[in-house]
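The block underneath contains the structure these notes are about, expressed in structure tokens.
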Amino acid sequence: MTTGFLQKIFGSRNQRLVKQYQKTVTAINALEPQIEQLTDDQLRAKTGEFRQRVASGESLDKLLPEAFAVCREASKRVLKMRHFDVQLIGGMVLHYGKIGEMRTGEGKTLVATLPVYLNALSGRGVHVVTVNDYLAQRDAEWMARLYNFLGLSVGINLSQMDHGAKQEAYAADITYGTNNEFGFDYLRDNMVYETDARVQRALNFAVVDEVDSILIDEARTPLIISGQAEDHTDLYVRMNALPPLLERQIGEEKADGTGVERPGDYTLDEKGRQVFLTESGHEKAERLLAEWGLIGEGESLYAPQNITLMHHVYAALRAHTLFFKDQHYVVQNGEVVIVDEFTGRLMSGRRWSDGLHQAVEAKEHVKIQSENQTLASITFQNYFRMYAKLSGMTGTADTEAFEFNEIYGLETVVIPTNRPPKRIDKQDQIYKTAKERYDAVIRDIRDCYERGQPVLVGTTSIENSELLSHLLKQAGLPHEVLNAKQHAREAEIVAEAGRPKRVTIATNMAGRGTDIVLGGNAEKQASFIEKDETLSEEEKQRRIQKLHDEWQALHDQVKAAGGLHIIGTERHESRRIDNQLRGRAGRQGDPGSSRFYLSLEDPLLRIFAGDRVRAIMDRLKMPEGEAIEAGIVSRSIESAQRKVEARNFDVRKQLLEYDDVSNDQRKVIYQQRNELLEANDITETIGAMRQSVIGEIVHQFVPVGSIEEQWDVPELEEVLRNEWQLDLAIQEMINESNSISADEILEAVEAAADEAYEAKVELVGRESFSAFERSIMLQTLDRSWREHLAALDHLRQGIHLRGYAQKNPKQEYKREAFELFAAMLDAVKLEVTRVVMNVQIQSPEQLEQAAEQLEEQGGHLENVEFRHAEFAEAAAAAPVAAEAATAAMIGDAMSHGSSHTAAANLSADNVPKVGRNDPCPCGSGKKYKQCHGKIV
């Protein structure tokens, strides 16, 4: 109450910020008459002047009014577009490292030019991030005219570009590209063997378009570079026979033993999208696997030798019970292709990990491709947090403002529209069954069609879009379908969706980034006329004018009919996705309307709000075909969406906490790699490693502080001779000396090792040997890091079991991941020292040959797969709820400087005790007493 009262007096934080930026807008507008007087050359020269001032120490913030005024004037001259005042505010929001929410059609692409121009003046590079190659290329080509006019260079970073082209793109002042490609380039740069093979510069400033899609929807799963691992094809085929033999249990057993309606072998958690084997399910699976000869008679699935089988059992179960054809994937040309659950697009070339994709291939009886081993991985959360300054823009960010602030430290500012919006959002209509809902949708579409009003219908899956298409065909209503299967025609369909009588069915919001203009997209058709070389200039102008006149008539006709009408056939889990669909109507002050048609059979209503709404319908005695249209029901649905959003936020936050473990480790490894690549001589590093390894070996047989009788000298001599090529008569030294200490023996062995090393260096030369050492070091570090990623993956898959022992799984994961990391670094030291001490080389030529062979073994970028797994993978990658919270993630240990402290703080004594009514540590969301507390 007090907050509301204070807001009335002082305004909200958003209003205060906009008011503050309005003062700067006034200053920019005051400069306009003066800037307009400049010639093109004088305007272009301003860029050089600004760069000089930045180099002299002037801040970009101080330069902002002048730079924005220059950019606006250049845009007027080159693009024939003048930035509105609200667009200047948007530019400031982005420059100050915030997220700007701008309505559809408000010109986000043009807004970005202001902060991009200003920040490019520093010479440190600006990245403009889009969701696909088409938008990156379109925006770069469109805006390059403006930037080139102002003397700035523009690069486009696309997939499949060669190495030289990528280096050129990153060297430009401004680089356009996709989120995936920027992330993969970062990973690839940290897998190279030469400094000049890297493409990226330091990460300075990024403007992320459709920031909600990239930083939230896609943040739950990592970018992965992987190579082929061991082949288990036959096992997937055999495991595919298991799920049909198991029965689903209906109901969940309560503490008093009740709650199970029908006993079975596994349970499904639809909210968490997880599958669990029951006690009887474990027994049945073990019996069947024993019959098939996959495990020994009477053996448990949890026996150490059967752990990999457990992984295959759950992969097969998830494939059969949680993933369905034409909803989560399609089968095309004998391959299983993932469908993006957010956009409905086909994700060709991407594969689910953890064996899930192979299990789905076995289920669909298509060729099973080999499993992959992770070579490098990073999440968008951790990649984008590395930029010195990050900003973003979208049409729908306000509902996720808390998450942007919590995870990325980014404030969201809602930017006012240039013209007041005229879209009418009608009340939801809820029907008892899906059939009644679709009947109502067809009636609404027919009404719009007869009045000449264009309609965009949003569906949540390919299956639903094709069902609706079938119903429209039966009703005799012409329409276009825009889903993953029609990907190639996407831009064409979206561009024409605003024509009179046009009915377009779209899966989720495929086609984001392309405006739906009322009356159709005349500019697109005009561009075809412009490119037609058979026409004269006069004929081109005549045809374009005629086209514009026709478009204007259609535009007025559609406006008179009410503008674009949006129909939602289902509510999405997130209010933001619903708002994106609504936002396609009413652009730039045009009229428009939207309405959602729902049924009690929709997953969201069935799982979260169905009982409450059904009770209201029963109480009102609603006849068949009648809809309920009430604010209380819509609020109930919004409440359900908020619950799902909160749950998804918790999942993402928990994933980030796990990923923060491997992120710090990744930084340490990549920093060491970069130091190795940039160092002229690594003799000191190799020497320190040799000293450490030799010390450990000697102390193993001659412990510090021990007496001579406790020493195992013959064994030490044998190990040094056989494993380290050091032939030392240590026993003779002891016999000849009256008294000799363990430290003196260590010094003697170190001296012999140094002498053997120097002899090798002298033989082939310091420079050649140093290059060889660098190759060994990089190759060993990369191989050990890959194995470490796999070890972390296995660790997180079983870490939820620590909850049974009343230990905090997250803390246990951090502690053990740190121990694994320390062990990995020790293994690297040992392996590198072993190779250097054992290598037998007679000439520099032999040394070069050995280095080349090592680099060939490490040249894993030639036969690898680059993919960004979708959320379906993250949700499915773990057989239990806690695993869902860490799925498709590789964790993150302690920061380099404080690892000892962190490890000390992670002892089991510091793990909080779980109370009976506390949430279960496994992450299921249930109370401990109703989850793992029952078992304990």
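Here, residue 1 is simply the first one shown, and the rest follow in order.
Using the three backbone atoms N, Cα and C, a Cβ is placed for every residue, glycine included.
According to Swiss-Prot, the feature ATP binding site maps to Q87, G105, E106, G107, K108, T109, D515, an assignment based on sequence analysis. What Swiss-Prot records for C920, C922, C931, H932 is Zn(2+) binding site.
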Other C-beta atoms that fall within 10 angstroms of the C-beta of K108 (ATP binding site): 23
Cβ contacts of G107 (ATP binding site) (under 8 Å, same chain, 6 or more positions away): M81, F84, Q87
Where G105 (ATP binding site) sits in the secondary structure, as DSSP reduces it to three classes: coil
Neighbourhood of G105 (ATP binding site), C-beta criterion under 8 angstroms, separation at least six: D515, R587, Q588, D590
ATP site, defined by Q87, G105, E106, G107, K108, T109, D515: further same-chain residues with Cβ within 8 Å of the Cβ centre: M102, T104, L110, V111
Least buried by Cβ count (within 10 Å) of the binding-site residues E106, D515: D515
Binding-site residues: Q87, T109 - member with fewest neighbouring CB atoms within 10 Å: T109
Where D515 (ATP binding site) falls in three-state DSSP terms: coil
